[in-house]
Each structure stands twice: as C-alpha cells, then as structure tokens.
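Below is one structure, written out as structure tokens, with a few remarks after it.
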Amino acid sequence: MAEYDLTTRIAHFLDRHLVFPLLEFLSVKEIYNEKELLQGKLDLLSDTNMVDFAMDVYKNLYSDDIPHALREKRTTVVAQLKQLQAETEPIVKMFEDPETTRQMQSTRDGRMLFDYLADKHGFRQEYLDTLYRYAKFQYECGNYSGAAEYLYFFRVLVPATDRNALSSLWGKLASEILMQNWDAAMEDLTRLKETIDNNSVSSPLQSLQQRTWLIHWSLFVFFNHPKGRDNIIDLFLYQPQYLNAIQTMCPHILRYLTTAVITNKDVRKRRQVLKDLVKVIQQESYTYKDPITEFVECLYVNFDFDGAQKKLRECESVLVNDFFLVACLEDFIENARLFIFETFCRIHQCISINMLADKLNMTPEEAERWIVNLIRNARLDAKIDSKLGHVVMGNNAVSPYQQVIEKTKSLSFRSQMLAMNIEKKLNQNSRSEAPNWAAQDSGFY
C-alpha cells in the first residue's frame with residue numbers, strides 16, 4: 001500500500017546508511033517497482049565508500065559492465081583505507097594495552113585518561129583527529145562495528161567542547177542501530193538527547209532540527225528495544241520540546257506514537273495516555289492523518305464504531321507495509337479490538353455476540369472465544385448467555401471517589417514528567433556542536 005508509505009518523508013531526516021534497511025524492506029514487500037528501488041540504492045551509495053555493494057547493485061540494475069569510475073573509486077578507497085590504517089595502528093595498540101583498558105573502565109574523566117595516555121604512550125592531541133577520521137571512514141565503508149569501537153575511544157577522550165564531539169555521538173548511534181545492538185543504541189540515544197537538550201549555544205531553529213533528526217533516528221531503537229514503547233510515549237508525548245518538534249516538523253510521527261500507545265503492555269498507562277493522545281491527534285488532524293490515527297479519532301472522538309471497524313481493516317495494510325511497525329501487527333489488532341469492545345461496553349449493558357463480532361471484524365465463534373479468554377484472564381467483568389447469544393456486562397459503575405483517585409493519578413503522572421523536564425533544563429551544560437555525522441561528505445538523505 002504505497003499510498004500510506006512514509007519512507008520518503010522519513011528518509012529526509014536520516015543518514016543515508018540508515019535508509020538502506022528501509023529500501024531492503026520495501027523491496028521484499030514489492031509495493032514499488034524493483035528497478036526504481038535499485039536505482040535509489042545506487043544513488044544513495046554514490047556518496048559512500050561501499051563500492052563493492054554499489055557494484056552488486058549496478059549488476060542487478062544494468063546488464064552492461066561495471067563503469068570504470070566505480071572501479072577507480074574502489075582503488076582509491078582501498079588506498080585511503082590502508083593509509084588511515086597505518087596512521088591509526090599505533091593509536092589502536094595503545095587501546096589494546098590491558099592497563100589502558102583498566103584505566104578506561106575505572107575513570108570517567110576524559111582529561112585524566114588523556115594525561116595517562118600522554119605519559120605512558122606519548123598520546124598527542126592530533127591523534128584524536130586521526131581516530132575520528134578513521135572511525136568515519138570505517139563507517140562510510142560499511143564497517144559499523146569498527147566505527148562504533150573507534151568512536152567509543154574518541155568519545156571517552158574528547159571534551160564536550162571538541163568540534164567533533166556531537167558529531168561522534170550521532171555516528172556511534174547510527175553504528176549501533178545498523179548492528180542492531182539495541183541496548184547500546186538506547187544508551188547512545190539517551191546520551192545524544194541529553195547533549196541536544198543541554199545545548200544553550202544552538203539557535204532555536206538548530207535545536208528544532210536536531211530534535212527532529214533524533215525523533216526519526218529513535219524509531220529504530222524504540223520499536224526494537226524491550227522498553228521502547230514506554231520510552232517513545234514519554235519522549236514524544238510528554239516532553240514539550242519533542243512534541244512541539246513533531247507538531248511543527250513531522251506530524252507523520254503521530255503514526256508511531258499512536259501505535260506505541262495502542263500496543264503498550266501497561267493497561268493502566270495505556271488508558272491514561274490515550275486521553276492526551278486523542279487531543280494531539282485532534283489538533284493535528286488537519287496536517288496529518290492515516291488509518292491508524294483515524295481509528296483513534298473514530299473510536300474516541302466520534303464514537304463511530306462502524307468507521308473504527310473499517311479503519312482497523314485498513315490499519316492492517318498500513319502496519320504490514322511499515323518497516324518500523326510490521327512486528328506490532330498482532331499486538332495492535334488485539335488491543336484495538338479490546339478498545340472497540342471496551343468503548344462499546346460503556347454504552348451497552350447487554351450485547352449480542354453477532355453484533356459484537358461484526359464490530360470486531362470476527363466470526364461469532366471467534367468473538368465468543370475471544371470474550372471467554374478476556375473473562376478468564378480477568379480483563380473483563382461479564383457473563384456469556386450462550387442460549388440467547390448475549391454478553392451481559394457486570395456492574396462497572398465507577399464511584400465519584402474512584403474517579404477523583406484516577407484523575408489525581410493522571411495529574412500526578414503529568415506533574416512528575418513536568419518536574420523532570422524542568423530539572424533537566426536547570427542542569428544545562430553548554431554544548432555547541434550541531435549533529436553533522438556523515439554530513440561533511442554524504443549529508444543527511
């Protein structure tokens with residue numbers, strides 16, 4: 001379903017290396033012409049050092065021989081790599097020393113570590129630039145593990161004021177994402193976010209741009225890390241600077257926020273967050289909508305159950321063709337049906353199983369089994385009258401006291417998030433660089 005594909009929009013905020021997994025996914029889904037996708041890969045590869053990959057793509061796209069320019073570029077890249085390896089070899093040997101490793105693990109002070117290396121191994125300031133260049137070259141060649149390793153060494157040693165400090169954080173995050181090291185990527189994402197948020201030198205426009213990039217890069221982490229669906233809600237919905245970036249620069253991100261809320265495993269948090277999400281979806285409905293956001297609008301704004309059922313069917317097609325959301329399909333459908341059911345039950349005391357099956361896009365037998373499982377798992381206070389084919393709801397009236405308690409809990413949660421954001425703002429550190437990893441040569445695609 002190319003109509004709802006967001007790859008082109010998202011790719012504008014990603015480093016070109018991060019776009020390759022998205023193109024591979026689209027190729028498998030066959031929703032675009034394969035030759036167009038191959039040409040897209042070739043265009044992306046033109047400004048990287050992954051020459052062998054470019055040659056393979058060229059062979060698949062064209063029947064003629066590999067262009068001379070590509071062969072020449074390969075020779076140049078190999079020569080540059082050998083030169084950088086020779087320059088970096090003495091530096092790498094320093095880090096391979098067991099005593100250096102112990103020092104790196106025991107001290108968090110980059111200056112102290114730098115002084116130690118200078119005393120013991122003759123480490124010099126220019127070695128940092130050499131290390132950074134080599135890490136970046138490794139990244140451009142597609143050796144992400146090497147890039148991550150050298151960028152870690154670089155980050156440990158450089159002060160926050162170094163001209164490549166922020167750039168190296170972007171590179172480390174990209175490398176960990178491309179290696180699918182989700183724990184390390186989550187740590188790097190958190191570190192990068194703190195650096196951006198504490199930067200008092202960047203202009204508001206630069207900060208907005210940095211946060212917009214971070215929002216898009218974070219999708220890889222949030223939809224693969226076990227805690228990702230909690231963290232994405234806290235960041236996108238309850239941190240005003242990031243919600244503002246979404247509303248200003250990339251309202252299409254609401255698709256991912258909505259999916260994270262619907263598939264969140266914490267039922268209490270999910271219900272609490274839904275009210276705030278609905279407000280944002282309503283505010284932005286004039287700038288962005290798709291079946292996923294429209295499903296929420298149909299159900300919680302218009303109480304249009306037929307419309308919600310129709311949108312849920314469309315959501316399946318959207319999810320299965322979305323690189324980030326395809327793994328959420330089962331959770332989404334299951335929880336969306338539960339949302340429809342819960343909302344429907346607030347209005348009706350006695351419900352026909354046939355009517356319910358129609359609302360949930362299930363057969364009557366499937367609907368009955370589904371409700372039985374809900375009752376068995378203590379997620380539903382109801383009884384089934386098999387003779388009449390009815391579901392009779394229990395007495396779910398909420399006392400005024402309970403309503404006050406629930407509203408207080410919600411207010412407490414929001415106050416806590418606000419206090420955390422204020423505390424972070426007060427503890428600002430000055431950082432001056434803009435996120436330009438892979439931007440000097442290849443730019444953000």
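A Cβ is built for glycine as well, from the same backbone N, Cα and C atoms used for every other residue.
Around Ala2 (N-acetylalanine), a 10 Å sphere centred on its CB holds 10 further CB atoms from the protein chains shown. According to its DSSP assignment, Ala2 (N-acetylalanine) is helical. Feature annotation from Swiss-Prot assigns N-acetylalanine to Ala2; the stated evidence is similarity to another entry.
Annotation comment: Swiss-Prot describes 4-128 as region 'Sufficient for interaction with EPAS1'.
Under the heading region 'Sufficient for interaction with TRIM27', Swiss-Prot lists 9-195, citing sequence analysis as support.
Look at Swiss-Prot and you will find 221-398 tagged as domain 'PCI'.
As annotated by Swiss-Prot, region 'Sufficient for interaction with MCM7' applies to 351-445, with the evidence given as sequence analysis.
Positions annotated as phosphoserine by Swiss-Prot, on the basis of similarity to another entry: Ser399 (among others).
Residues or ranges marked as phosphoserine by Swiss-Prot on the basis of similarity to another entry: Ser442 (among others).
Look at Swiss-Prot and you will find Tyr445 tagged as phosphotyrosine, backed by similarity to another entry.
Taken together, the residues of the region 'Sufficient for interaction with TRIM27' (9-195) have an average pLDDT of 88.
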